[in-house]
Amino acid sequence: MEEDDHLSNPTSTADSSDSALQRKHAAMIERLSNLHQSRSTRKPESDSNSTSSFLSRFSESKNSIESTLSRIRQTPDPHSNPTLKPELDNISLSISNLEKLVAENSFSLPPYEVRTCLKTVADLKQIVEQVTCDVIPKKKFSFKNKSTKKTTTQSDDLGPRVLDNNSQNVESRDLGFKVLDSPGFRGNENEVLVKEFNNRGSDEEIREFVLSDLRGCEVRLMGNIRALFVNKLIDCKVYVGPVFGSVLIEEAKDCVFMMASHQIRIHQAKRCDFYLRVRSRPIVEDSNGVRFAPYCLKYDGIEKNLEEANLGEETGNWSNVDDFKWLRAVQSPNWSILPENERLGVVDISTRDAKISC
């Protein structure tokens, strides 16, 4: 009778059912936990393999460049060897490709590796410059007048005038890179400076361009270039088409920059707004009050230029900024996202008067 009562007791049956459900639930939680742990352990391994693969490629290319430079240095009677200059040009191209490799992989690399690789690239550039000075004979000084390519500039106060791209108003030692032979705008004030570059691969393609010691200027660069170097700009607006390689900005104050590049590095900038399209994370150092927004430049042919530079698609990296001097886990106070209600609209620089549409 007691057995019958026990079998017919609904409470006992419910308890048994609840116990079974609890065991099933615990088993499911355990399976999910194991799956999550498995995925978590696989991801670092994948990232580690990716980093190792990049470092292997980087080291192989670096060693090849250093080996070639060492061989050139040991060349007997280098001044009479006509093959050295093309070789040095090829080395410079290899270093640019190495810099591009770092830019394309910087999103997935640890910050320390990015800094180390960029330092290596900078060192290689200095070595190439030194070797070039050692083995390539310097041109003899001459007072002979030479025709130089002119660039038309526009000034709201003085009207159109002609600026010599090769003017050297600033000594190259003021910059951390070679600018002595690079065309650019230097030492201008309160002017509209316009330059349209030729297509990539043409005989007159400009590989590097310099903006230095500008105050109150508006700069419009249309077309593609390999690299852009910016130094000591105050209260300027800089609108730049696609850059195949990198952009380096040193000392800018109260400026607006609109540019697309594979890599952008910003040093000692204060109260500047950056409208960017970039393949890797923008890097800021020793800067404050800098704000970031997406690229919104327009001119005739810009879409083709962006595709040629492999910058046709928005990556969203304009907001993934790395502050190399801020090592804490919290957001750096030195940069911020530019509020949408304060952003410029599309800026069209195709005509003399730049148009901004909302």
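Heads up, the Cβ atoms here are built off N, Cα and C, so glycines get one too.
Summarising the annotation, TrEMBL assigns region 'Disordered' to 1-88.
Residues or ranges marked as compositional bias 'Polar residues' by TrEMBL: 8-20 (among others).
According to DSSP, the secondary structure content of the compositional bias 'Low complexity' (47-64) in residues is 18 helix, 0 strand, 0 coil. The compositional bias 'Low complexity' annotation in TrEMBL covers 47-64.
Long-range contacts of the compositional bias 'Polar residues' (65-83) within the same chain, counting only residues at least 6 positions beyond its ends with a Cβ under 8 Å from a Cβ of the stretch, are 91, 94-95, 98, 124, 127-128, 131, 134-137. Annotation comment: TrEMBL describes 65-83 (among others) as compositional bias 'Polar residues'.
Among the features that TrEMBL reports, domain 'C-CAP/cofactor C-like' is placed at 148-326.
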Give, as a single whole number between 0 and 100, the mean pLDDT over the domain 'C-CAP/cofactor C-like' (148-326).
80
Count up the helix, strand and coil residues in the compositional bias 'Polar residues' (65-83) according to DSSP, in that order.
12 helix, 0 strand, 7 coil
